[in-house]
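Novice: Here it is, the structure in full.
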Amino acid sequence: MTTVVALDAVPRIRRGVKCTYDQIREAHVVLFPEGVLVLNETAASVVSLCDGVRSVGDIALALGDLYAGVQPEDVAELVARLVGRRVVDVDG
Amino acid sequence: MAEAPFGLLAELTHRCPLQCGYCSNPVELVRRDAELDTESWRRVFDQARSLGALQIHLSGGEPLLRPDLPELVTHANSLGCYVNLVTSGVGLSRERLRELASRGVDHVQLSLQDATRAGNDRIAGIKAFDRKVQAAAHIREEGLPLTVNTVLHRQNLDNIAGIIAMAEEMGAERLELANTQYYGWALRNRAVLLPTREQLAHADPIVAAAQERLRGRMEIVYVIADYHEAHPKPCMYGWGARQLTVAPNGDVLPCPAATVISSLKIENVRESSLHDIWHNSPSFNAFRGFEWMRDPCRSCPRKEIDFGGCRCQAFQLTGDAANTDPVCTLSPERSTVDLILETEMAPAEVPAMAMRKMS
């Protein structure tokens, strides 16, 4: 089940979730109690900005400085998927 | 080449203060003098990490019985792994937990046998309930995320609502309600443990309602009673696909129960590297992918979902590990499982539970 995440929602990495870089897979990964997510570059950028301060809209703006054509809705969708995997929580 | 594993299940010891009759450890438990030493475990962790493992589950038996547990936590953490402590809670004092947390335990899985003191302690074979409640409080105070694990069977399924309430009270973020899988001690005690259809039918809606009510607060993972199902579980998400197990004596297993497949030659870390075993050993390659399958699995679209079920179960119930898991209704041997259900769900005379002990 995917929850809808609003643009003013503020995502943060959940307690007990560890974000790290795996030299073996040469990818950013998210480690949590019963799973591992291997992130692509965009997802890794989003995860690194889920700091409990920035909103989804803020994250989209920040990413816009790095990549062309970042849509806030795409960020919201990715955050919703991370919520579904219990990697991030959202406030607001 | 096979893809890298994500996790290592490190069974540090088979010794355990609990005597649960559903234990998935083999009936022939590894004795203390045959356990790997600290240096060997460090080497195992190094090799697991270079192979690609990112999670190290410190389990057993009871891992707290290893005096070198703090050192092993430090080492696993220094490799960048997610460190998961799987414990009965017995022996987990405030000080001990604080030290383990400071050395890098990321998450604790605490077993709970039943919702009440009497039920819990009867199943565990020792007075453990109060110590578990205490351990949960320490874990919460330490700020570590907690998963409560309860194995379900005929003797506690009727208390499922109480078990869920207990896990909430303990402050768990996750609750694993796993119906007993019949390997090791659980297989021996199957006639005492197999739930009735009525019990499962009663539990299902309670679990579903709790999942809904607790959404966002406590995740409830429900592992089905596979004998009662029409299709097998996706055992290990495929053989030699995601995780490997190292037993207390250094045996390297594609799944924790794999020693039951007596036709499988098991490798040991004392003789080969994990890299070699994962990629090249006959045991890890025996049932990898889909090529080993026969019909009905081979031509079945569900093979991508359940990978043919469990190899250990196929071996235990049909004598051939390459057969379809006989819980599948498409298996020509499903009648074996039906017969077990008919005779063991409600036996005329219930045998005594064989408590898990070293012989």
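Keep in mind that glycine also has a Cβ here, set from the backbone N, Cα and C atoms.
Okay, these came from TrEMBL:
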BINDING   B:Cys16, B:Cys20, B:Cys23  [4Fe-4S] cluster binding site
DOMAIN    B:2-217  domain 'Radical SAM core'
Novice: With a radius of 8 angstroms around the mean position of the C-beta atoms of B:Cys16, B:Cys20, B:Cys23, what other residues of the same chain does the [4Fe-4S] cluster site pick up?
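Specialist: So the additional residues around the site are B:Leu18, B:Gln19, B:Gly21, B:Tyr22, B:Asn25, B:Gly61, B:Ser88, B:Ala124, B:Trp185, B:Arg356.
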Novice: Express the predicted model's confidence over the domain 'Radical SAM core' (B:2-217) as a mean pLDDT, rounded to an integer.
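Specialist: Within the domain 'Radical SAM core' (B:2-217), the model's average pLDDT equals 97.
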Novice: Sequence gap of 6 or more, Cβ distance under 8 Å: name the residues on the same chain that satisfy this around B:Cys23 ([4Fe-4S] cluster binding site), in order along the sequence.
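Specialist: B:Cys16, B:Gly184, B:Trp185, B:Ala186, B:Arg356 - these are the non-local Cβ neighbours of B:Cys23 ([4Fe-4S] cluster binding site), listed in sequence order.
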Novice: What are the non-local neighbours of B:Cys20 ([4Fe-4S] cluster binding site), defined as same-chain residues 6+ apart in sequence with CB under 8 A from its CB?
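Specialist: Non-local contacts for B:Cys20 ([4Fe-4S] cluster binding site): B:Gln113, B:Ile123, B:Ala124, B:Gly125, B:Val151, B:Trp185, B:Met355, B:Arg356.
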